[in-house]
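Everything on this sheet refers to the single structure shown next.
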Amino acid sequence: MRVRKRKGAEEHLENHPEYVIMNPEDIKGHWKEVFGNDHPIHIEVGSGKGGFITGKALQNPEINYIGIDIQLSVLSYALDKVLESNAPNVKLLRVDGSSLTNYFENGEIDLLYLNFSDPWPKTKHEKRRLTYKDFLETYKQILPEHGEIHFKTDNRGLFEYSLASFSQFGMTLKQVWLDLHASDFEGNVMTEYEEKFSKKGQVIYRVEAFF
């Protein structure tokens with residue numbers, strides 16, 4: 001999700017250390033201590049403006065959530081959502097999805113979400129797609145054995161690519177939705193993009209896959 005540069009975004013993040021972890025490399029292996037409990041930890045890579053991660057945190061207080069985004073301004077908007085919700089089970093990180101092993105120990109994360117990732121449609125940009133094999137290798141390291149990825153998108157091309165990428169990597173497709181909003185799936189938390197696209201009548205695709 002690309003947004004205009006937000007004035008004061010960095011200062012805004014720095015002023016809320018209770019939610020924004022500025023030195024995540026120092027916490028590797030100790031995330032349960034940060035949350036102060038032994039609850040499962042779920043992360044969203046590319047958390048955008050925080051609608052999904054905040055909604056999930058409110059929906060599931062027994063689960064800890066970490067929203068990850070590399071864009072400073074975007075993360076500052078996510079912080080607004082977290083502050084508004086007052087959810088105690090959310091943390092935010094400004095890091096790149098390719099470097100997650102620098103911040104999380106093997107098996108430290110219980111589940112990983114990818115929502116409306118940039119499709120990078122050009123073949124020469126394949127390695128930038130968050131479901132490319134190199135990213136999957138990174139995710140596999142921080143997830144437990146048979147750890148799951150839950151992926152949503154409105155982009156059919158990226159969805160088909162991701163299904164193939166998961167399968168070629170040796171993952172198992174647990175369940176696939178070719179029209180999520182027309183299904184009987186319960187508990188769906190929509191992202192900002194999802195709300196926008198669904199109002200236009202666009203189909204939303206979803207898959208749950210595990211290693």
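Numbers run from 1 along the shown chain.
The backbone N, Cα and C atoms fix where each Cβ goes, and this holds for glycine too.
The annotation in Swiss-Prot ties K122, T191, E192, Y193, E194 to substrate, and of the candidates under consideration, D80, D96, D154, D179, the one tied to the same site is D154. Swiss-Prot names E44, D96, D118 as S-adenosyl-L-methionine ligands; from the candidate set D69, D184, the record adds D69 to that same site. In Swiss-Prot, the annotation region 'Interaction with RNA' applies to 124-129, one of the ranges 124-129, 196-201. Largest Cα-Cα distance over the residues recorded as binding substrate, namely K122, D154, T191, E192, Y193, E194, equals 25 Å. When Cβ neighbours within 10 Å are tallied across all protein chains shown, the highest count among the binding-site residues D96, D154, E194 belongs to E194. The distance from the Cα of D154 (substrate binding site) to the Cα of D96 (S-adenosyl-L-methionine binding site) comes to 23 Å. When the C-alpha distances from T191 (substrate binding site) to the recorded positions E44, D69, D96, D118 are tabulated, the minimum falls on E44.
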